[in-house]
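If you look up Swiss-Prot, you'll see G34, K35, T36, G37, S38, G39, K40, T41 marked as ATP binding site, on the strength of sequence analysis. Marked as coiled coil by Swiss-Prot on the basis of sequence analysis: 397-499.
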Amino acid sequence: MKPLHIVMENFGPFIKETIDFEQVETDQLFLISGKTGSGKTMIFDAIVYALYGMASTKTRKEGDLRSHFADGKSPMSVIYQFKVNNQTFKIHREAPFIKEGNITKTQAKLNIYELVDNQFELRESKVNQGNQFIVQLLGVNAEQFRQLFILPQGEFKKFLQSNSKDKQSILRTLFNSERFDEIRHLLVENVKQEKVQIENRYTQIENLWNDIDTFNNDELALYKELESSQTDKMIEKFPQFNDYGCKILKSFEEAKNKITKELDDLNHKYKVNVELSENTKKLKAEKIKFDDLKKEQNYIDKLKQELKMIQESKVLITYFTRLQSLKKDKDELVSLHEQSKLNETNYHNEIKGFQKQLEHLSTRENEITQFNQYLEKNQVFFNQLDKIISSYQQKPVIEEEIKRLYSEYNDLITKKEELTKEMNNKNKDFAIIEHYTEEIYKLKKIIDESERQKKDEKLFDKLQLDKSSYLSKLKEKKEQLNEIESSITNIDATLIDLNDKKDFVNEIKSAMSIGDTCPICGNEIHSLGEHIDFESIAQKNNKIKRLESKKVKIRDEIIKIETRIEELNHRENELNFEKQEKKDISELQKQLNHLNQLKDEQQSINKLVENFEKQEKEIVNKIHQFDLDLSRKNTQKEKLEIQINDFERHSQFSSVNDFETYYSHAKKQVETYEYENEKTKDKLNELNNKLKIEMNDQKHLTENLTQTSKEINNLELKMEKEMQQLGFESYDQVKSAADLSAQKDEIEREINIYNKNYQSYEIEINRLKELVKGKKLLNLEELRQSIEKTNLKLDETNSQIATISYKIDNNSNKFNKIKNIIQILDDELKVQKEIFLLSEILAGKNDYKLTLENYVLIYYLEKIIFQANQRLSFMSGNRYQLIRREAISLGLSGLEIDVFDFHSNKSRHISSLSGGETFQASLALALGLSEVVQQESGGITLDSMFIDEGFGTLDQETLETAIDTLINLKSSGRMVGIISHVSELKQRIPLILEVTSNQYESHTQFRKN
């Protein structure tokens, strides 16, 4: 991942700041420089916050990132654009905050865009899904990104010197090694469960074996004493239990068959004798009933004679019945005709009475008409009596209210005139207040500027004084440096190179003779004496070293002085002081006070006028309201007067009660008249209708009476003829025959029942005689007792068979269950044996006394150390390498780091390193960790890295080595940014991102050296 642009709003000291990382060339090393607290580390916080919603270090919380100078309505937000795997993305993350005037936080926002065809397209717009998208895109979580992207202050020194427990916590987060410990825990729990399950299976076998039935056999009972672990012997004894049970079952089944046959014979005998006994009893009873039936023969013969007579006189009886009915009808018709005559006379009398009553009612018609007209005319008033009463009651109240309103209205008019007179010479003037405000602002600005000028002048004078002092020191140090360089130049250095070659010269001398050719210069040797003064050369060499050392020291002092002078110049430029004419601040303050007084006086007048205008407005509003109220009340009064006048004019009453009494009386008179008139007319109509009906009924009755008399005469002639033929002498004989005819159905029914019963008894007696013919009856009680005894014997045998069968089946089921459990147990023991062993190994019971997670973490740590040593060897001049301390102990061992010193050929504790050496080891370890985390996170490549502080502890040579390491790192394809205050880095690093602060807001700018 390579940063391209970042925009920070209300983020730390940055109110609205944009950094363009594209100004950093590919593979370029750059320095981030600025005062302490200017916000250098906040740049890293902004990048990490944009990606993961958190700061670059764990100690900073999201709420700590918001600028204290941000306004209450603007959110904290970061827009971060970067490139990863040749794809360009942009993230806009906005933090939640409590907006000014609210009590709840706003919602966090996150939008992720991808650059496609030179346009950004939205990929995610929800916070949770967006966070997951970023983790999947980069392949690392926030903690891993911190280790890869940023090397924070002191973090890797802590990691280098930490114990195994602390390292485990860090490495566990980076490499997600907790899953290995979870595997171990799962395996341990699995083993525990399996052991419990195996014990449960043995318990199941024991319980099932104890439940096996022995059929009261002593030999089988001995087998029950086998232990649950003796599974092979159990399986061997299973068939013996089954064979013995089947043998007992067979003997009981044979006995059952014998008893069943005996019982069937007894049941058959009992059934035959029960039927014989019942048939004998039934035959005797049927004979008795048949004899009783024969005794009714005479009565049945008499009924047959009566039936014959009824059938022969059927026509005569019909004539007689019809004649009796006609005579009865004739009597009723005579009675009805007489009653109708009487009714006709009564109806005529009633009609005359109601006609007289109707004539009397017609005399009041004019009076009732006048009442009706009055009622119609005043019905509206009668229906609204409550409203009219209310009008009479409201009228004096409204008149009093109008009087009160006129009084208050006049009071308000008077008050308004008094206020107008009081404020006659007072006016509002906001323009003059604005003028005073502008003048006050200008004076305050001049006073503030004068005070600032005074402070700047004082600071400028101090800077000039300090600068002059440092320039004097610089001049002095440069003179000292020139003197030293002159001294070094004046020393004869021609033979200095021979200082360490005395032994070499003596060896050559011992091998040469006078007259030989010199192997160095090629001339003839004339003498072998001492031509070189090695002691003098050594003295000169020591003097040069002292001077060089002093020279380096003075140069360092010169660099520090120049840095201080440069800093003073920078501060002087920032101050940008120019001498100006001094102004009298006390006089300006007097003018300011006078203007404030004038402003306050005019504000008081404005306030007084505003108060008057407010009161005047209230009075005008009240007057207007009184006008409305008076108009409304007068309107109400007019409506009431109109309503009262209408009532009195139409009703001719000034009293509502009198009107109500008269109206009710008139209404009652009309209603009574109309009711009586209508009732009389209805009664006359009803009587006339009844009279017509009665006269019509008389006509029909006369006709029916004539017809009935004629039919009676005809029937009497027919009856006399029929009586002569049948031998009847009187109507009494005919009446007796008619009475007997009514019983015909009952006579026929009795005869039929007798005949049917007679035939049925004959058939049943013959059938029963055949059934009992030639058979002997046995003792039923003795047979029943024999059957009961045999049934008890059979039930007992069946119970024994069922019990034995159940025991055999139950034993068989338990045997099968035991076999299944034994098979499962054997399979589990084969598999779990290896799992038990693996569980112990992963739990630390091994030669290395390491758990699985610690073993994995050691693997990662050794990879990190291998990567770190490639750089540490270079930085330490092949002197140091990191090694893992190997110690065998159960627990969190094996993660401590020692350092191996090739000069002493021994390893030593990491704390024995100096500050600079510790920085070298920490930097190497950090870079190594970064490499390994990248490899383990799916090969994601972070094309950038930032290092925060740590270089101040290094000497010049070590610093150069560290810078070379970082230069090699950036040349491998990374953009490397360094935060540091070390001045040598400013000289060595060509590109600087300067962070400047003006007390409350910071700004950034790239600058090239």
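Just so it is clear, glycine is given a Cβ too, placed from its N, Cα and C backbone atoms.
Shown on the structure are the features that Swiss-Prot records.
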| residue | record | Cβ within 10 Å |
| --- | --- | --- |
| G34 | ATP binding site | 20 |
| K35 | ATP binding site | 12 |
| T36 | ATP binding site | 7 |
| G37 | ATP binding site | 12 |
| S38 | ATP binding site | 20 |
| G39 | ATP binding site | 24 |
| K40 | ATP binding site | 25 |
| T41 | ATP binding site | 23 |
Starting from the Cβ centroid of G34, K35, T36, G37, S38, G39, K40, T41, the recorded ATP site, name every other residue in that chain with its Cβ within 8 Å, sequence order please.
P13, M42, V995, S997, S1002
Any idea what the model's mean pLDDT is for the coiled coil (397-499)?
79
Under DSSP, is T36 (ATP binding site) helix, strand or coil?
coil
Three states by DSSP: which one describes T41 (ATP binding site)?
helix
